[in-house]
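Notes follow the structure.
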Amino acid sequence: MEEVRVIVQAIAPALISASPDASVRIAARDFIDAFAQFVQTKQDFSSVAGTDVATLYPQELFSTLPRRLAELSGARQMLRDWVAWCRVRQEAIAKGLVGLVEDIESGAVAGPDTEAAFHLGYARWWLPLAIDADPVLREFRRFQHEHAIEDFRQVDDLVRKAAAGKVASVLAHGLPPIQGVPRQSELGLLRHQMELQRPSRSIREMIGGMPSSLSKLAPCMLMSPLSIAQYLPPDQALFDVVIFDEASQITTWDAVGAIARGRQTIIVGDPKQLPPTNFFGRNEDDEEVEEHERDLESILDEAKTAGIPVRDLRWHYRSRNESLVAFSNHYYYQNRLITFPSPQVEDRAVSLRPVLSGVYDRGKSRTNKVEARAVADEAVKRMRSWLKLPEGDRPTIGVITFNALQQSLIQDFLDEARRDIPELEWFFADDRIEPTIVKNLENVQGDERDTILFSITFTEDAAGKRTMDFGALNRDGGERRLNVAVTRARQELLVFSGFRADQIDVGGTKAVGVHHLKAFLDFAERGAIALPAQDQGSVGGLESPFEEAVAEDLSKRGWHVVPQVGISGFRIDIGIKHPDKAGAYLAGVECDGATYHSSATARDRDKVREQVLRGLGWNIVRVWSTDWWFDRQGAAERMHQSLSVLLEESRSAPEAVMDEAVDQESIVIDVESFVHEDEQPALVEEEVPIEAGDHLTGAAAVDPVMSMESEVALRADGSAYRMADLSTFKVDPDSFFELSYRPTLKAMIEAVIEAEAPMREDVLAQRIARAHGWLRTGSRIRERISLHLKELDRTEESSGSSGRRGQ
């Protein structure tokens with residue numbers, strides 16, 4: 001208030017000499033009154049604001065105060081927030097959150113991050129106290145915990161084996177003695193009938209005459225509902241439990257007899273798969289759907305509507321590649337199925353093989369002969385190549401068609417191949433657990449094979465007309481048949497079709513099956529990106545700060561991390577891409593985070609999940625949050641060392657020699673397709689297996705890694721040599737399989753062999769593929785190279801064909 005004091009001292013002499021009524025005295029009194037009011041108001045404001053105004057504006061108070069007051073008046077709407085902040089600030093300080101308050105006021109913590117900063121600080125304060133209070137956490141040691149998990153796995157296996165042995169022992173203990181059986185006893189009558197050349201009693205009579213012995217001799221019986229009605233008397237002793245499998249295909253009236261013969265019933269089935277169908281009076285080859293052919297209600301439907309307790313079985317183990325079930329999981333199961341991710345970066349186990357020259361014989365045979373031939377040729381080619389493998393390693397194969405007539409035609413073609421190539425009979429032998437099958441949509445449920453070839457059959461007819469009639473798919477519930485067909489494969493599903501998804505006009509049909517067929521063909525051609533709300537690459541975001549910290553540390557150490565690998569509810573926390581193989585993961589890093597704790601049982605968490613992943617080809621590296629908390633650097637270093645060991649093992653494996661790209665083909669196929677001379681070969685547009693972004697564009701589509709200027713390789717004896725320069729050739733990927741391109745292809749092969757031989761045939765194929773801009777070397781590319789090599793001199797190597805310079 002120095003300014004006021006100076007003014008008062010200056011006018012004091014005039015005030016003393018002036019009369020009481022003088023104007024100057026009146027003005028002085030008004031000034032003193034106004035100043036007193038100002039002081040009181042300032043004190044009131046300071047009390048509300050919690051600080052003295054003079055400390056806020058120590059210099060030139062009166063000159064700056066009007067502007068400051070105008071600013072306060074303009075920000076009047078913020079006053080309530082400021083008052084609230086002051087109140088909360090005091091409360092926070094009282095609770096010991098001074099550091100958080102200071103960080104907020106200094107701007108170190110932004111407003112939106114305040115809650116997260118509080119939780120982080122609270123966790124850092126609380127966690128040491130919680131760990132110290134819990135002896136399990138306080139005494140946690142990684143190696144002890146992992147030993148305990150391994151012990152649990154071994155004990156669990158022993159318990160399962162012991163349980164199976166106990167069941168067998170209990171059942172065997174209850175069997176009656178073989179010797180000394182009275183002739184008139186139940187077992188005596190059974191033995192007598194078995195010794196007769198022509199038994200005098202029917203099976204039903206024998207079962208009816210053994211009410212007490214049957215359950216001991218046959219405690220578990222596998223029968224169809226019809227067999228139960230035919231062979232088991234109605235007064236037969238009740239079974240403890242009756243289990244229906246594939247209940248969606250069993251009518252209620254067929255199931256009642258079996259239910260009546262049990263004390264308890266378990267009904268197992270999938271309401272999204274085939275229902276019972278009334279085939280009475282129907283020729284199953286007819287395309288028209290009559291009223292009497294409609295789907296019937298099943299015992300599964302009745303049980304669901306009756307309010308019987310339901311338990312969903314959501315874990316899917318059949319498919320070794322997630323993409324095989326991704327379509328059905330999205331369209332039929334609302335993404336509730338739990339599937340396991342593939343160790344390949346690009347999971348394209350479902351693919352489309354367009355057969356553009358096919359014709360659907362609509363009015364006569366109702367078959368597509370060209371497509372049938374293409375399917376049969378593909379099946380024969382694969383089976384002939386698999387004959388090179390040990391019998392136990394040979395995959396299984398099946399064919400699915402849209403109708404029974406196409407099924408019969410493909411079966412005829414395969415029968416011809418079996419006559420001409422007797423070695424193929426091994427795949428069709430009746431004593432095999434899974435022989436090669438050819439079935440249609442109506443009878444394939446329950447079957448599964450490693451590889452499935454799916455013939456769509458329908459396409460343009462001879463007049464060039466294409467209709468939206470797809471047989472069974474046009475019915476109500478036709479989509480259930482499609483669901484069954486596209487989920488029969490364990491490793492690969494190859495779809496043969498005379499049209500693509502964009503050629504199906506669904507505007508004129510309400511059939512759900514037709515709409516889903518269009519979506520499925522798009523999925524087969526483009527992959528998971530074709531599914532709504534799916535990320536290309538099948539990844540999500542990190543689920544916890546712990547996973548973020550692990551991923552960040554791995555990235556700093558040079559590893560290429562991919563978070564949340566998978567497209568279903570189950571995902572691998574962190575995938576580590578293989579540095580040398582662009583299409584594969586080196587390992588999966590599992591944290592004990594959200595995914596780990598989502599499993600309700602120790603068996604799921606610590607045994608089954610990892611067991612399945614390793615069975616699919618994953619290498620699993622575990623990191624524990626408690627271990628990370630106690631020793632972050634040590635845990636990170638151990639994880640890094642584990643990954644380094646896996647990388648060295650991968651690089652030293654025989655198949656990794658001179659192979660810089662992942663090749664999904666396990667066998668080099670060098671056999672001719674099975675084609676009859678009296679027929680034209682099917683014109684099949686098989687697209688070269690190139691993923692999005694794989695094709696290199698430009699005048700010379702040569703991988704720079706393979707170019708002559710940038711790559712120096714080592715020969716077997718350790719000497720260096722430069723790879724062949726193929727950039728001088730005028731490559732044309734679109735003409736690769738054309739007859740007119742043979743001279744160019746032959747010249748390129750000769751150039752590579754001249755520069756680099758001796759070399760393996762698969763390496764030669766890779767050189768040619770890279771020169772055309774393809775990052776993968778599929779079976780058709782290798783087969784094309786193999787045909788040209790027949791004109792050159794070759795030697796054989798233990799692990800594959802080896803070319804050398806011609807004489």
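Using N, Cα and C of the backbone, Cβ positions are placed for all residues, glycine too.
Features reported for this protein in TrEMBL:
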- 237-277: domain 'DNA2/NAM7 helicase helicase' (DOMAIN)
- 298-496: domain 'DNA2/NAM7 helicase-like C-terminal' (DOMAIN)
- 546-643: domain 'Restriction endonuclease type II-like' (DOMAIN)
- 734-783: domain 'DUF3320' (DOMAIN)
For the domain 'DNA2/NAM7 helicase helicase' (237-277), would you mind checking the mean pLDDT of the predicted model? 91
Let me spell it out: take the domain 'DNA2/NAM7 helicase helicase' (237-277), skip the flanking residues so only those 6+ beyond its ends count, and list any with a Cβ under 8 Å from a Cβ in it. 211-212, 214-215, 221, 223, 225-226, 228-229, 293, 295-304, 308, 328, 332-333, 442, 445-446, 477, 480-481, 483-484
For the domain 'DNA2/NAM7 helicase helicase' (237-277), the number of residues DSSP places in helix, strand and coil: 11 helix, 14 strand, 16 coil
From the DSSP assignment alone, can you count helix, strand and coil residues within the domain 'DUF3320' (734-783)? 36 helix, 2 strand, 12 coil
For the domain 'Restriction endonuclease type II-like' (546-643), what does DSSP give as the number of helix, strand and coil residues? 47 helix, 23 strand, 28 coil
